[in-house]
Amino acid sequence: MALIKRLTPNSYQYQPVYKSYHKNSPILRVALVSDLDKASKEGQMWRSVVIVGIIFRQGNSYDFQEQEEFNISLPINENGRGMELSELLSFNGSLYGFDDRTGLVCAIDIEKKKAYPRLILRDGDSFSDKGMKIEWATVYKDSMYVGSIGKEFTTPRGEYLNDNPLYVKQINVDGKVSVLNWKNKFNAIKNAVGIYGEGYMIHEAVAYSASANKWYFAPRKCSNERYDDIKDEVRGCPYIISTKDFIHFNIINDPQHDFNKGFSSIKVLPHDENKLIYLKSVEVGKRSETYMGMISTTGEVIMKEKLITKMKMEGIEFIPI
């Protein structure tokens, strides 16, 4: 049984939500999902908070206004953790959430305020008893591309354990999962900003623009030093990196960079793909915050970063108006 019905590819075929908008739409509706870590557990269920709101123009800039907030819950968990949703993606008429603990891909019905299990992705090459640590997802041609942190899995002090987070899953319209080794691609992205050796990048925000045929990577963390769990909290990455071929790269320096904040989700605007909306998360000690901002593909600030909530929201997507 197909995950979703087959369609013929074109630039926007797999983003039907775009039909609600045009290039100069004054209002766009978005949904955000939370990753509450251990706080996701509620009785015998695990929950994610959904925030729905609107992005609206104010002159040459944009602002955000929340409209509603609700929980979606499922009993699926791995070792007592679940529904820690790290990304949100519209694909071929459905809205999907991705759990970074269980590897769950669930369909989300905003109107009914319900989540429905669809797939479970396994770690690494898929021959694993561990769920995939899903951190990002985007639509490329006629498939969802679903990725992890794009960095070797290590101990908290940076000792190498495995390459599992370097694998990407491709999910086609029939729900078939293919496994792709992106090690060379992730290394090329890292090298493009001068990070080599024990230096690293952690990816949680990736988007593909069909109209520009270009990938955008907004790393959450990066450093020329070896990974360290504590130091990593304040290694927010200052770059947005774009490429068509993973050989040639364009680097945008983030004008609102703050080492305490890291990109956690990024999307191109419907029919206006030279603008990128994003979320940034703060996790420093017990401090947790989520900010929203917008930037052009040439590095111009379009929306000043705005504190949305003191919950950790890690996925944003456009939904029908």
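All positions are counted from 1 along the displayed chain.
The backbone N, Cα and C atoms fix where each Cβ goes, and this holds for glycine too.
Annotated Ca(2+) binding in TrEMBL involves SER86, GLU87, GLU135, SER264, GLU314 plus, out of the candidates GLU42, GLU204, the residue GLU204. Within 10 Å of the C-beta of GLU87 (Ca(2+) binding site) there are 28 other C-beta atoms, taking all protein chains into account.
Listed in sequence order, the residues ASP35, PHE98, ASP100, ILE134, TRP136, ALA205, ARG220, SER265, GLY315 complete the 8 Å Cβ shell around the Ca(2+) site centroid, once SER86, GLU87, GLU135, GLU204, SER264, GLU314 themselves are left out. In this structure, GLU204 (Ca(2+) binding site) belongs to neither helix nor strand by DSSP; it is coil.
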